[in-house]
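Student: Annotated compositional bias 'Pro residues' per TrEMBL: 39-57, in sequence order. According to TrEMBL, the domain 'AB hydrolase-1' annotation covers 84-222. The region 'Disordered' annotation in TrEMBL covers 27-57, 303-335. Taken from TrEMBL, the feature signal peptide covers 1-22.
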């Protein structure tokens, strides 16, 4: 049985609480350590700090690591086997503390908590505020996966979720680490670093001498990776969500990326355009949680969970979406 909880309930009560920090409280107080000066606006204004109160059925553990603060979200119900791993990569200028505590990040928090509750280990880590899929960024993802396997997590491939800059990071990681990745959920991802560089987005600071598509694109730029004739995305299920008004993951850039992926053998990419939405947290909140959960379940099945007394299932069935679906699906994955 896979216990579920309504997305509305997850958003309503603050989601994480100071009582859950315990020994990790000092780690939470560690300030973010951006890798470059924040001369460009971050993904969103910081917003006020919210309360920390985990919903029933989810535990949150915090630890310090060489790359900063790491949060592990897991179901409290007993699992009939090791938990598969879902790695979340934040957007530009954010860190673990922002994802856990900012009111503005409630939409992604609701997605991640629902994911943990359904039978996954979800890891949120400080992946650096301005790394854009550079080698250090990929090594940090490697470290999260290695720790998961060392600490009793399910062996095998992992699922990746990334937003904005984090979308670029998980897409580039998947294209260069195919054997590690079960699927990629890319929320408003930066698919073309060259285009962002022209817009003045600070991708240069993440690469020695500045970003160059000729020097760095085949490892860091999703569009360049997709153009590779070896078809580095072949067989990897990818779903991209973006908005019709997004200025980072523009519909044109997303379509170009998807077209390049489909030129290779065994393409498995879908794109969803959310009408009238710009880049940001509102777009993430408009992604139906049941769609994201369904994508993960199809490509990385969760652990089976035994029902427990602290699992809060709403009467009359579950409602993971919270809002009516507002999507225009422009492409579906091929079987």
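A Cβ is built for glycine as well, from the same backbone N, Cα and C atoms used for every other residue.
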Student: Helix, strand, coil residue numbers for the domain 'AB hydrolase-1' (84-222) per DSSP?
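Tutor: Its residues divide into 71 helix, 24 strand, 44 coil.
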Student: Please compute the mean pLDDT of the model over the domain 'AB hydrolase-1' (84-222).
Tutor: 96
